[in-house]
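As annotated by TrEMBL, region 'Disordered' applies to 1-46. Annotation source TrEMBL lists compositional bias 'Basic and acidic residues' at 8-18. Sequence annotations record features per position, and here TrEMBL assigns compositional bias 'Low complexity' to 25-41. Feature annotation from TrEMBL assigns domain 'DUF4185' to 326-438.
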Amino acid sequence: MMNVYETSKPDKSGDRIPVRRTWTSDPDSPLGSGTSGPSLPKGERPKTVFDFGATYPLGEIRVNGISLIAAEYSLNARDWFPLKGIAGGGSAVLEGGGSPARYVCVITDEEVPSGDGAKAGIKFYAGRGLAAEQDEAWTRLFHRQEIWSGADGIYSIPFNGVETHGRAGGTKTLFLFGDTFVGGVDKTTDERLSPVMLNNTMAVLEGDKPDPDAITFLWNSGGDSPASAIAPTTPKALSEADTYYWLQDGAAIGGAFYCFPLIIGPDPDGPEGFQFAVHGVTMVSAPMGERGPELDKQVQVDTPLSFVSSGGHSTYFGAAVMPNTAEAGVPNPDGYVYVYGIQNDKAAKLVAARAPAGDFVNFDSWTYWNGGEWTARKEDCVPIVEETSCEVSVSPMVGGFLDGQYVIAFQQGGTTGNHVAVYCGDSPVGPFGSAIPLHYCAEPEEGKGIYAYNAKGHPHLSPGGELLISYNINTTSMDMHMAHAGIYRPRFIRLRQIP
């Protein structure tokens, strides 16, 4: 039996955590929709599961009037961790220690009365830590059934170059997308209608609200049929057959747009949905006009940003760009633009480079983090964190207990990982603490070849103390793409600090 409730959200440590729904499951059966239930003792009484509907840092759990045998918490109702502090005699105080949790499961000597927990004598309180709540308004903005009808990627760039929190209202935002479906969708069946696949597109949003009337989607519409916004023209890109660009991250610096597209070519030996190879990194620049980059004036150059490291690992840059400058409005500017890359060593690992903002296009001015200092030898770069996703973000935080720190938002577990996670550190290259998983991406549980990947933050679209984070949902099956247009689009969550 399942019961659904609605209550307010916690803002500080000690506030009540709302229970969105509860349900019970037989002690001998899997919990909910998961493949395995919590590792709690089996008995005659059913387990009671409390779902908060979002992730909150778990503080105290106070139990009165019932005899509690055991309790555990989880982000996904699959992987469970014990709560400590259980006492007998009909009352108990359990301590979550600020651990991020969406679910709590309890087993008692007697059946727990239906209700949001309070009626049953169980109350949940927030601890100090990070919350993650779904942002339905931003998710709906990119669920479209006309013309532009789905994409991945979704990096965001403020036109005016001001990257700091809460400043998007005074400018426009450029979004960069990867592979994009252009074409209609049947509003009844959700089937795609004669779509065209473009390798990259853009969008321009006016203001800081997810208003569908304030966004315009862009691609090359100058020919007989739609084409990608940016097409390869460099010698390196044209030396390979059938290449195209995936745009990666970018920035607006000194009134100009910059991004670092990956040169992508076909690889028919790859598995379905992954039949591509990376051949290099380009730098694209263009004046930033009133309607977006003036791509008729773009300049494309091959870069030295794709190479094999001294340790023998393939490495490329452009996965994240962080201007740490006065122009960007960040808390502690040092005049450099930081460009982060991926080093493939079994897992994707994050490496860092930087260049003076005034000499950004001169690759001789770039230096690379070798673990102890900045060096001109790019091959000596080493990871600043040991796990990341192929697209990622690094954001200086403003407000809350993370004020002045740097947050890496990424997809934990790579292209097969279902958790959005963050690292927090003291500088653009750390040191960073352990990864904090914040949100379980449940979409792959639908089947249909669905997977989640490439989470990243959007600081200028976020109020102070928060971070709007997107992640991509895709499917490996083209048949599923055609039959279910709503699969392929970004989803959004909002990181909040609970002091």
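Every residue, even glycine, has its Cβ placed from backbone N, Cα and C.
Averaged across the domain 'DUF4185' (326-438), pLDDT for the predicted model comes to 97. Secondary structure of the compositional bias 'Basic and acidic residues' (8-18) per DSSP (helix as H, G, I; strand as E, B; remaining residues coil): 0 helix, 1 strand, 10 coil. Under DSSP, the residues of the domain 'DUF4185' (326-438) split into helix, strand and coil as follows: 15 helix, 48 strand, 50 coil.
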